[in-house]
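These come from TrEMBL:
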type    : residues                                                : note
BINDING : Lys7, Phe8, Gly9, Gly10, Thr173, Asp174, Tyr179, Arg184 : ATP binding site
BINDING : Thr47, Glu74                                            : substrate binding site
DOMAIN  : 265-350                                                 : domain 'ACT'
Amino acid sequence: MALYVQKFGGTSVGSVERIKAVAEKVKRFRDEGHQIVVVVSAMSGETNRLIGLASEINDDPTPREMDMLVSTGEQVTISLLAMALQKIGVAATSYTGAQVGIRTDSAHTKARIQHIDTDDLRADLDGGKVVVVAGFQGVDDDGNITTLGRGGSDTTGVALAAALKADECQIYTDVDGVYTTDPRVCSKARRLETVTVEEMLEMASLGSKILQIRAVEFAGKYNVPLRVLSSFEDGPGTLIVAEEEDNMEEPLISGIAFNVNEAKLTLLNTPDIPGVASKILGPIADSNIEIDMIVQNVSPDGNTTDFSFTVAKSDFKTTQRILTETVIPSVGGGELRADDNIAKVSLVGVGMRSHAGVASKMFRVLAEEGINIRMVSTSEIKISVLIDEKFMELAVRSLHTAFGLDAESVSDETA
Ligand code: ADP
Ligand code: ASP
Ligand code: MG
């Protein structure tokens, strides 16, 4: 008998029929004698619909009210799934995040889980019940409902699995595992049998929305066996592992991630003196806005320089406001250029550590397609480039082929 936490995403619970199918799947595991905690997302499209309603009423709603609103989507699916389970003879109870004791900090819309109380959960499981928990939500110390950021049900699943020391956390979704890149963008993408926590972390943080980054962090930190599987067909899925066992086979590049949710801001002609970067980025960081890529140009005249950086599109307007109202008056100079038609495309692979020439090959492939690179950033196991958004799919497909990732091709180990 094993304890599984099974998380079903929006598409997997996107209709009454699909909720019934999830109940049947859960029943099969119960019938085999396993203990099951199910975590569900809102029905597909529901969270976006709720956000749309809010924007029709107020273009700058308070984060607390946003959480109150968007957390309702998951409350619908937990109750419907519990009813579906009960209907087929499986004892089940649904709980909101607050009811099940998922304590978070108070950072509304991007809260972090701090503690999970598992006593009540355990009692239900030991009593033979399936526990159905609302993903994506928690409660802060003052009793306010919080949410964990888009895609946060993955994190609820892994955090519950960690707290309960589950045998496996299974993320059921609309693809049958983690692929070399998003199969919706590249039809030649290939499913990976395994992927390391380190690579998955990079892929998630670079835009692959298959798993929320915090979920992968939890899995790494608490050694939670984590598997991504299809809701609709049986198969082994992809196991997220601590380290690849067979390094001989280690490919140079494991995957390609992309992100079209960032925007680029450039301050032209800022004074090239110590302290300017901190004056530009300080007020932005103070507003809890994360900055991603940063480039400061060489100063041609020794007096002024151009300073560019990227933020999430959702923070684009606020960042522009901070730059115009606070930063430019304080640092002096500076014309602002803002561009949200950009995409970041990244190659990820632990094999990159031991190979030179990945960047030059990447740049050559992009050049052959006539794609201009606007910014570059690297780490030990990834290279990211910023390009025009309209070239994103072309860039992903050409790199996928060039680095030997295509489903039918033999892996190309040379850079
Ligand atoms: P869920 O609603 O189940 O949480 P998501 O839409 O959040 O599902 O994540 C699944 C989607 O992630 C897939 O439909 C796929 O388009 C996308 N995706 C992005 N990158 C990858 C990748 N490397 N491998 C598999 N799927 C990916
Ligand atoms: N429903 C939330 C979202 O759409 C959480 C999730 O699906 O994981 O982001
Ligand atoms: Mg998701």
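Each Cβ is built from the backbone N, Cα and C atoms, and glycine gets one as well.
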Subject >> Secondary structure content, the domain 'ACT' (265-350) (per DSSP, counts of residues) >> reply: 31 helix, 34 strand, 21 coil
**OP:** For Gly9 (ATP binding site) and Glu74 (substrate binding site), determine the Cα separation and express it in whole Å.
**Re:** 10
**OP:** Check Thr47 (substrate binding site) against DSSP and tell me helix, strand or coil, would you?
**Re:** helix
Subject >> Close-lying binding-site residues around ligand 2 among Phe8, Gly10, Thr47, Thr173, Asp174, Tyr179, where CB distance stays under 6 Å >> reply: Gly10, Thr47
Original post:
Which binding-site residues of Lys7, Gly9, Glu74, Tyr179 contact ligand 1 in the sense of C-beta under 6 Å?
Top reply: Gly9, Tyr179
Original post:
Should we count any of the binding-site residues Phe8, Gly9, Asp174 as near ligand 3, judged by a CB under 6 A from one of its atoms, and which?
Top reply: Gly9
Subject >> Largest tally of Cβ atoms lying within 10 Å of a Cβ, found at which of the binding-site residues Phe8, Tyr179 >> reply: Phe8
